[in-house]
Every structure is written in C-alpha cells, then in structure tokens.
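Please read the structure below before turning to the comments.
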Amino acid sequence: MPLKTGKITLTAALAGAGTLLAAISASAQTTSPTLEAVRERGELACGVIGSSFGFSLPDSQGVMQGMDADSCRAVAAAALGDANAVRWVPLVPAQRLTALQTGEVDVLFAQLTWTMSRETDSGVQMTSTNYFDGTGFLVPTALGVSSATELDGANVCSIQGPGEVTARDYFTSQGMEFTPVLFAEGEELRAAFLAGRCDVYMIDQSALISFRASLGDNAGNFTVLPEIISAEPLSGAVRKGDPLWFDIARYAHIAQVNAENLGITSENVDSFADDASPAIRRFLGMDGTLGQSLGLEPSWAHDIIAQVGNYGEMWERHFGQTGADRGANRLAGDGGLQYPYPMR
Amino acid sequence: MSRYLAATETDARPAPDRRRTLRQILIEDFFYGPGAILCTLLLCALLAIAAWKLLDWALLDAVFGPTETLDASQACRAEDTEGACWAVIGDKLRLILFGLYPYDLQWRPGLACVLMIALYALSVQRALWRPALAGIWVVFLVAVLILMRGGIAGLEPVGDDQWGGLPVTLILSTFGLGLAFPVAIALALARQQRRFPMLQAASVGVIEFARAVPLVVVLFMASVMLPLFLPADWQVSKLLRVLIAFTLFGAAYLAEVIRGGLQAIPPGQYEAASALSLTYAQSMRDVILPQALRIVIPGIVNIFIGFFKATAIVVVVGIFDLMTAAKRAVADPLWQGFGIEVYLFAGLIYFVFCFSLSRFSARLERDLARDRAS
C-alpha cells in the first residue's frame, strides 16, 4: 500500500509540476513582474540624474524637465496610461546601476552611456538610445585654432572623472602635451573658462548647447572645433530577466520616433481617429495587437504621444529654444541616427 | 628660581579704565602717532573702496527682476549690467528651499521648517530645561514627520525621494542629533564605567570605528553597497539610510564630548551620591549628568554646528539638500553664470542658523559663569 500511495503522489506531483510549468511558460509571454509591480504601486520609479539641463533638471516649480524625464514619462504613459505617474529617484552616477540592480528603480534614464561591459557585466540591458552625445572642444575664437590637432600644450578645462580620462586618452593618442584643469562642478568650470583660466573647454555636445545659449550675444566669441572624440550613446536601461518589461521600455522610445516619422504629434494625435493608413491604425491601436503583445492597453502608443509627444517634440521642448542643431539626433530619414524601427 | 622673578623694577601702571569714551578710544588706539595715523587712514580708504564696490555690485547696479523691455534673465545679461543678479533667487527661491516637493503642497515643508526652528528656540530657553523637554522634542518631530510624509489626517502622501532643500538639511541635523543624543549618553556612560568590561569594549569599538572612518565612505556604503546585501523587497529609503549614518556618527562624537564632561565631575560628587545610597541610575540622572552636560554645552553646540554644515555632503548619494538644490538652480541655462548669487544666498541661510547657535552658546557660557560666581 505505501508503494501505491507513493506512486499516486508521484504522478500527482508530476501532473502538478506540468501544470505549473505550462502556467509559467504561458505567463512568461504575457506578463512581466516589473509591470505588475508598477501597476500595483500605481507609479513608475524612474532613476534620473536630476541635476543636468536638457536631461533631468527640476524647473522653478520643482517639476522634472528634460529628455530623460520625458523618456520616463513615456514609459509611465505606456505602462499606466498616465505620464505623470512617475516617482523620481535622483541618483549620482556611481549609484545608477546599483539602484537598477536592486530594484530601487524600475527603469533608468540617467545619461548612461551604452557600453559593452555595462551590458555584459552589470546585469542590466540598454533599451534604446534617447540621445546621441559625444565630447567635443570649445575654444575662444581669439585663440585662432581650427582643429583639435593644433592644441599641443593647451590648458584643458574638464570635469573630474570620465571627462579627465577622455582628455588624457585623446591627447596621449595624438602624441600631444596638455595640462588638465579639473573642476567638480559645471558652474565653476564655465566661470573659469570664461575668465581665461584655460585655452580649451572639453564639453559634451549636449552641455555645449546650453552653455552657448547662456552666452547670448557673446556666443560668437567662441568656436566649436570639428572633432568629436568620444561616442556617448545615452540610453535607457532595465534589469535583465524581465523580457517583456525590456520590450515595453524599448518600444516606448521607438513609438516616439515612429510618431515623428509618421507626422503624429501631441497636438494632432486625435485627428487620426478615422485615418485609413494601416500603419497609423496599427500604431494608434485601432487595428492589430501591438499593445496586447506588450501586455498593455491597445492605446499605449496613443497615450505616449498625447501626453508626452513624439521624439522631435521632446527634443524641441528641451533643446529647441537654444537654437542648436539636432545633429545625430535627427530622424534617420534626415541624416540622423534615430531610426523608426517598423512597428508591425 | 631667579628666572621666575623680575630682575628690574618697573613702574606700576594705572589700572586700565574700562569705560573710555569714543574719543579716547580713537586717539589711544588708532591715532596715537604718525605711523598709526597713516595706517588708519590707508586702511579706512581701502575699506571704503571695497565697501562701495560691494554696495554697487550687491544693490545699486543689481538686477532684482524683469524690466519694461527685458525679462529677468536678459536684464541680468544686458551689456550695461555689472551688478549682482538677485532675480535668479526670486525665480528659483522655492526650488532652492523645497527642491522637488510638489509645488502646491510646499506649505507643508514650509511649516515643518518653522516647527523645527521653533523647536530650537524652545530648546535654548534654560527655563525649559527639564525632562519634559524630551517630550516636546518627540511631539515636534512627529509633527514634522506627519507634515512631510502625509498619508494621514487627509494629507496627500509624499515620498521622501521628493523631499529637498532646507527641510532636508534641518531634518538630517535635527533628527540625526536628536536621535544621537540618547545614544551618545549611553555610549559615554558605558565607556566610563568599569564594572562591565565587555560593555565598555563594545562602546569603545563603536566610538572608535565611527571616528576612524570618513563619513562620506559610510554614506557611500549605505547607499551603494547596503542595498545589494538586503533582500529585494527590503527597500530602506535613501534618506533613512543617510539618517542612520548621521546618527551613528553624531553619537560617537557627542559621546566623547559627554565623556569629557563626566571626567570633569570631581570624584567627591560620585562618592557623595553613593554615601546617600543612591542607585547608579539615580546618581547619574540626578547628580552627575545634569552637571556634566552643563559643562559640555559649548562642545555639544560646536558638534551641532559642524553637523549642520556637514549635511551638505549628502549630495554624494543624490539627496537634494539645501546646497544641492542651490547648485541645481544654476544648471538652468537661463541662469548659468550666476552661481555667486545663489551660493551667497545658500551661505546666508547656513550663516543665520550657525551664527544663532554660536551666539546662543556664548550667552549660555556667560550665564553659567555668572551662576558659578554667585
């Protein structure tokens, strides 16, 4: 008898395990633990730097503004239907990956450069690049320099840390001497450069835009050298191990780029309600199952565009008033790197 | 012996007259000879020039807001503007003071700041120095927490990720030192007693560890390493982790100051307490600690001032304290380049708090000296 009982128990256990496995594999396709946690909490915990203009910086009312902030809002709009359901978690660069790994934040938009070792070693995965940045040189026009290769022996102002390494790598590889002049804060660095403490200011393209804007009529006294010496694809990131959540964060960005490509903006998105174009009908969730495949509402892309806007609107909102060139962040069709991957 | 004695006789000088007139002071201290006259005039001229330049920059040529044709930022950057740009403070005031706290609810951190300042004002009244003061602290601090966090009494909940500016600086220093104080007394007593060597060793260990490790390292450990070791669903908020680190550090430093006070109490006091057959707890509470704490008030105030300013270090773990919020105000390209004005403003706030505390400490020392003399 004990043997028989044992058999029955074993069979039952096997059947139970089978059911469980089936349940797990089924749920792996349509649910995401992170999405469920976000929905239960009713807000998205988004890691940002919180002190950098154009990416994430509180305005005078304490509202977070910038490309990274809007990328957070886009994910929140997709996941919850409400772009304002974001809990901001300001992080310094050293904390960014830990905060994501430990689950303190659901998604990270913290000017994180997409590098190989970050993806292979840190247990995080880059979703998409929301800003292509790179380090360049700014010199006073009076210096009479037209290329970075003429900067032998220059005093170079840069921010401590990564900026310092980029400078050393470049000058060493060119066989040139240089004297680093390092600062912890952008404000002090800019004041020192304007006061003539250094010949050249090594600066990210994004920071260059805001610096030139702050110079007003004096901007003409400075020249940007043609060299861009480091590639900084600033990207969103999620934890590895939740593929559906990864898709949601990735396609929130791709939807913004597609919307710009299709000419859909936050202003006109509702005028497409009876549009006949299959691509637009699929995109806005009138046809097809794009939303369902992400475990989201059919209107997910509509919510992003209506509440946050398309990629171009986002760029204009944060960098447009500075009169800067969009450069690498133009759509692929205009010669940039923002590619509207097909949504079908 | 001879080198301790004067070899020649000097004429006795008249006793200094403490109540000199202004005229006498001027003549005797500033214009007593040709060199002194020259020096005084030269320094006065330099001071006058510096003061005029400062006045010109800070007030006469300063921009306080938009003009008829230009908005505030353009007015600050206009060619003919040489002075300070105080308009940046006007535009960013609430960001500097309250950080990311929801704009419509900022009366709550405002009121919380007022409560904490009122708490300081009450705590420096010697008439209120009795055990009930501890109760007042608890009531005020609970009220501050309720105001900041919300979630009860119809207040909308606000997570501590969104707290920032002055309330964070005040909370870290007030709660940090408030929690550290009882811990510090326990540590100091444990270190001073001889009966339980293990307890003494533990106390020495805690104090020496906290004093030997830089605060910034502990903050980094608490915010970068600690979460990796905790279970995934254990989310200890960043502010709480930092507060614990501050409390540990504050307790260690305070404990050493209090131990200094304990050592200054003459053995006769301990013996007298024993002779009255008071228990250890009674003798500490009623005889030793009231005297010891009184002696070390300047030291305690000194540590409080140090910690108040040290709170600015939390920028390394991404918390918006007063200083961080001020820096963020000038990251906006609209106001880039006006860092001096914003730093001066933040400096002024720190100065007001720290200077009031040190004035209080000085007044207290005078009062206590008079008490002892009488």
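Using N, Cα and C of the backbone, Cβ positions are placed for all residues, glycine too.
TrEMBL lists B:166-361 with the feature domain 'ABC transmembrane type-1'. The transmembrane segment annotation in TrEMBL covers B:30-52, B:105-122, B:134-152, B:164-189, B:209-230, B:236-255, B:295-320, B:340-362.
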Quickly jot the same-chain residues contacting the transmembrane segment (B:134-152) by Cβ under 8 Å, restricted to those at least six beyond its ends, or write none.
105, 108-109, 111-112, 115-116, 118-119, 122-123, 128, 158, 160, 163, 167, 171, 174-175, 178
Take a look at B:105-122, B:236-255, B:295-320, B:340-362 and tell me which one has the most Cβ pairs under 8 Å to the transmembrane segment (B:209-230).
B:236-255
Folded-back contacts onto the transmembrane segment (B:236-255), same chain, C-beta under 8 angstroms, at least six residues removed
159-161, 163, 168, 171-173, 175-177, 179-181, 183-185, 187-188, 191, 203, 206-207, 209-211, 215, 218-219, 222-223, 226-227, 230, 300, 303, 307, 311, 314, 317-319
Taking a Cβ cut-off under 8 Å, which residues six or more beyond the ends of the transmembrane segment (B:340-362) line up next to it in the same chain?
84-86, 88-89, 92, 96, 120, 124, 166, 297-298, 301-302, 304-305, 308-309, 322-323, 326-327, 329-330
